[in-house]
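J.: Relevant sequence annotations retrieved from TrEMBL are reproduced here:
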ACT_SITE  ASP150  active site, proton donor/acceptor
BINDING   ASN11, GLU386  Mg(2+) binding site
BINDING   LYS18, HIS210, LEU211, GLY212, ASN213, GLY214, ASP284, MET285, ARG286, GLY332, VAL333, GLY334, GLU335, ASN336  ATP binding site
BINDING   ARG93  substrate binding site
SITE      HIS182  site 'Transition state stabilizer'
SITE      ARG243  site 'Transition state stabilizer'
Amino acid sequence: MSDATRVLVLNSGSSSVKYQLIDMADGARLASGLVERIGEGQGRIAHEPSTGPERDRYEPFPDHTAALSALADELAADGMGLDSPHLAAIGHRAVHGGTRFTEPTLITDQVVEGLRELVPLAPLHNPANITGIEVARKLRPDLPQVAVFDTAFHATMPEYAARYAIDKATADAHQIRRYGFHGTSHQYVSRRTAELLGKAPEAVNVIVLHLGNGASASAVAGGRCVDTSMGLTPLEGLVMGTRSGDLDPAILLHLHRVGGMSVDEIDALLNRRSGLLGLCGDNDMREIGRRMGEGDPEARLAFDIYIHRLRKYIGAYYAVLGRVDAIVFTAGVGENSAAVREASLAGMDAMGIALDSVRNAVRGSTPRLISADSSRVAVAVVPTDEELEIAQQTFAVVRRTAE
Ligand SMILES: Nc1ncnc2c1ncn2[C@@H]1O[C@H](COP(=O)(O)OP(=O)(O)O)[C@@H](O)[C@H]1O
Ligand SMILES: CC(=O)OP(=O)(O)O
Ligand SMILES: [Mg+2]
């Protein structure tokens, strides 16, 4: 075995890069961090090595090249720079893989080109992923780099769940189908949930609720995704921080024809100015909770709409799965908001779902059960770790390629 066992994971967003350096020999996280507000006047890098305290620095990062070289400098300061001989690969989160990429993929020029062709289907996400990949390839052209796709885990959805009920020829001509996103998280969390229950992934049916800035639900049967709430793009489904989720599609036509809005204006409205932000002016669930505490009716209504949509998906996936072993909450809101977890499952005793309010209120950073002992369906909080999952899948590709 070569002694290059470390994987650097880059999750490049439009204005931020999250990263982790993980040693695959023992799974140890050697460093993690975040560069944010890229392209704005003042940016910030927060870097946390396993060997010491977090270091915070404020400075402008004009573009992703500057952000990546800053994080490389931070790693180098801890003796773990990008030139390290211990580095085996760089793994990248790639959001939209279309029908072409359904497995973790060794990055070549053709793969980058393929990602570029998919930009219209993930305009918020794919361009940033591509930039991250291009910069990293320039910094270490000799190192294997692997793309791990948000859409991959959902590729197993049956046709009847993946297809929209529109004219088949039109759908085929434009690759219109449901792809689903956050797949790395749904995959990781459903597997960890099986472990928590002490069962094999093949033996459990799970509803995963990934509630972050973007939010999606999935129905996972025996380790395979059978349905998920995001569709052609990450706009469908649940109410999100700034995205509307499900709508009557005729609303778009109405806004265009009667409201006089352009396609780009409608795009910006639904992706950036809707969801919780559009409903009450705040997209952070902590702030909404605080405002509800003060009796703010707008914040209350936004919360209720968010919860109502979530409950509809829980019911739908219960019916899709037939038998549910666990409902599991993850990502920023799912891991931290006891109020969201309680409201989204309240009154479901007849469905065999009962929370234990004391367990639900306990904060923690490890996988845990929050259901009552009497609950037929287990309810759990399982912190997601997309970066660890990406590192594992990246390392597996590198190993296979080296054989
Ligand atoms: N203590 C908390 N209570 C409620 N919501 C929280 C808490 N901490 C974080 N959040 C929510 O989590 C969201 C971010 O989730 P995260 O999974 O980190 O998102 P992303 O990875 O999509 O950026 C924030 O917008 C905030 O609403
Ligand atoms: C696909 C998606 O919605 O990702 P995020 O939650 O990171 O925006
Ligand atoms: Mg996320």
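Using the three backbone atoms N, Cα and C, a Cβ is placed for every residue, glycine included.
Note: TrEMBL annotation is automatic and uncurated.
Buried or exposed, and what's around them? Tell me for each listed feature.
T.: Secondary structure at ASP150 (active site, proton donor/acceptor), as computed by DSSP, is coil. Around the Cβ of ASP150 (active site, proton donor/acceptor), a 10 Å sphere holds 27 further Cβ atoms from the protein chains shown.
Secondary structure from DSSP puts ASN11 (Mg(2+) binding site) in a beta strand.
DSSP assigns LYS18 (ATP binding site) to a strand segment in the three-state reduction.
In the three-state DSSP reading, ARG93 (substrate binding site) counts as strand.
All chains included, 29 other C-beta atoms sit within 10 angstroms of the C-beta of HIS182 (site 'Transition state stabilizer'). Secondary structure at HIS182 (site 'Transition state stabilizer'), taken from DSSP and collapsed to helix, strand or coil, is coil.
Following the DSSP three-state reduction, the secondary structure of ARG243 (site 'Transition state stabilizer') is coil. Contacts of ARG243 (site 'Transition state stabilizer') defined by a Cβ separation under 8 A and a same-chain sequence distance of 6+ are given as GLY214, PRO234, LEU235, LEU270, ASN271, ARG272, SER274, GLY275, in order along the sequence.
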J.: Among ARG93, LEU211, ASP284, the binding-site residues in the record, which have a C-beta under 6 A from ligand 1?
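T.: If the test is a Cβ under 6 Å from any atom of ligand 1, the answer is ASP284.
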J.: Mind giving me a neighbour count for ASN213 (ATP binding site)? Other Cβ atoms within 10 Å of its Cβ, every protein chain shown.
T.: 17
J.: Please tell me which one of the recorded positions listed here (ARG93, ASP150, HIS182) sits closest to ASP284 (ATP binding site), measuring Cα to Cα?
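T.: Comparing Cα positions, the closest of these recorded positions turns out to be HIS182.
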J.: Give the distance between the Cα atoms of LYS18 (ATP binding site) and GLU386 (Mg(2+) binding site), rounded to the nearest whole Å.
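T.: Distance between the two Cα atoms comes out at 11 Å.
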J.: What residue among the binding-site residues ASP284, GLU335, GLU386 has the most other CB atoms lying within 10 A of its CB?
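T.: Buried the deepest by this measure is GLU386.
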